[in-house]
Amino acid sequence: MDGYQRPLKSAGGIRRDGIGHDLGQANAFVGLGYVYQEQSKYTQATDSYTRAQEIYARIGDDMCQASVLRSLGDVYQGQSRYTEAAESYTRAQEIYARSGNEDGQASVLDALGSVYGVQSKYTQAEEPLNRAQEIFARIGDSKKQVRVLHSLGDIHRLQSKYTEAEASYTRAKEISNRINDDEAHATTLVGLAQVYFEQSKYTQAKELYTQAQGIYARIGNEVGQADALHGLGEVYRLEQNKNTQAKESYNRALEIYARIGDDLGQANTLYGLGEVYQDQSKYILAKKSYTRAQEIYARMGDDMGQANTLHRLGNLYQEQAEHAEAEKSYTRAQQIYARSGDEDSQARVLNALGDVYREKFKYTQAEESLNRAQEIFARIGDDKDQATALNGLGDVYGEQSKYNEAEASYTRAKEISTRIDDDGAQTRAFNGLGDVYRVQSKYTEAEASYTRAKEISTRIDDDGAQARALNGLGDVYRLQSKYTEAEAPYTRASEISARIDDEESQANTLNSLGDVYRLQSKYNEAERLYARAKEISNLVGDGRVRARALNGLGDVYRLQSKYTEAERSYTRAKKISTPIGDKEGQARALNGLGDVYRLQSKFTEAEQSYARAKEVYSRIGHDEGRANPLRPVSRHWIRSYDADEADEAPRELLDKREDEGSPADVPQDDDSSWVSTEESIRSNTPSANLSQ
């Protein structure tokens, strides 16, 4: 409903008096052109119309020449040859104006506005549309005036000029009421509904869509009825997630579109159904709907519909951690957007591709995609999405330990988001800066950044970002051995994660809190928290977090000389972490086993465990780009790896031990196997929306 309909094809104005062979020949060419145009045989239609207008120009028949130029413009527009269409319409308009044919002039101005509109040249579209509606008003053609006012409403709405859009649609509604044009009245109701919908005024939008649907049903306009039902589906989907009503409306619309053979309507509705299913995490049904929509768009040659659906499919695959499939969908969408010149959509999908490459540790490609995205956003003046891309770049640089670049990206994102009052992006930037400062032991700066992120996220009720900031604060305090201060933010972060059902983050936070209690020799509390973290991670299938909990339990048991229980926990941690490529968890378990064996004078077994631990730590330290302390481990980022992918799994840089040196080199009887895993604690780092 956001697009523009191509002006009706007409051979009106062509003289049929048959005077002279030239005129008769030109009229015949016009007839042929019209026939070819109706069959979408655009090449033949163009040739016929062009030969006709040449004859009319030669014999000085201005009205017929203008009329055929109008038809040529329609043919060019039907082929998306917008430059030629605009030229033809402009020439026709000049002839009509010179001849004093105001109706013809206004009709061509209307068509010219349509050409600019479909190219998103909204400012250029306004001028001819305004002139057209003024002329129609002056000559008393109310029906055409209503049509142009509706087009003006579309132009204003697509620029988010909602006050102007509402005024245009309202005038159109008033005129259509006065002339008893039910169809035009229903159409303006749909336009007004879209204005309210885009401002999240769902109650008003729902009321208007319902009124329009009733009118269309009464007058037997099935296309209009289906369009209104589609609009209702969109409202229900976003209004308090009324997915049942949304599916009902979409399915009723789909049934009508299928019955009348409206492929575009079917594709748009299948797209909407895909969104509903995706919102409900019904991924199989969502994929089926999107795929059917994409196939229809492709068959119709609707590049933008196809690209938008591929973009959504990419998002769907990304949500399920199917990164290879996501990359394929995003890449195809990006190619179409680039070819069609839609820079905004191209940049959005490049941003999404950056996230995919980051997930696959293809950091060079991630940097390239995100840099291209932020450059496009900067050029077209999209500050909000530029900040999102810069935050993504900060993540990529941080994961490669490029802290200067990460800090610069987060800082730019913070400055932009602050200027435009985008609290969400601002919070993400402050959390990112907190991470960068923390891993460089700049604890004062880190604490200030996390505190600011916590304040903003609390104010805007962004629970995920708030939990991440609280986790960061806990890390900062723990790394400075301020264990009492660390308890409160960790506890609060755990409570928030539990409330929002972010079980991965909750389990990670419980592990961190267990670390804090263990370091204070509060072994009962630590054991309880590690056990709970193990239980949650087992339920959600998160091997990395479960191995961390088992390692924590092993530490607690070992420190209490419960060597049998400690050996069992470390062994289970090693078995879990090894096949999923969790080198840190594996090395920590091997170190713990070495301690357990050493403390029982099982020196052969201890030597073997320490040697293996040292080997794994060596691999971590030399695996460039993988041993990084900024790698997020949260609901959106945790992945499981097959055994043959283990070498490609992330390696997280081990912190300097908080309580003593490396056990592989300095055996001791105290907490010698514990290595800080604070860098594996991450909360949600959200990626860009589409979609939008």
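Quick reminder: no glycine exception, Cβ is built from N, Cα and C everywhere.
Pulled from TrEMBL:
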- 26-59: repeat 'TPR' (REPEAT)
- 66-99: repeat 'TPR' (REPEAT)
- 307-340: repeat 'TPR' (REPEAT)
- 387-420: repeat 'TPR' (REPEAT)
- 427-460: repeat 'TPR' (REPEAT)
- 641-692: region 'Disordered' (REGION)
- 648-660: compositional bias 'Basic and acidic residues' (COMPBIAS)
- 673-692: compositional bias 'Polar residues' (COMPBIAS)
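Over the repeat 'TPR' (427-460), the average per-residue pLDDT in this prediction is 97.
Helix, strand and coil counts from DSSP across the repeat 'TPR' (387-420) read 30 helix, 0 strand, 4 coil.
In the repeat 'TPR' (307-340), helix, strand and coil residues by DSSP number 31 helix, 0 strand, 3 coil. Remark: secondary structure over the repeat 'TPR' (26-59) totals 31 helix, 0 strand, 3 coil, with classes taken from DSSP.
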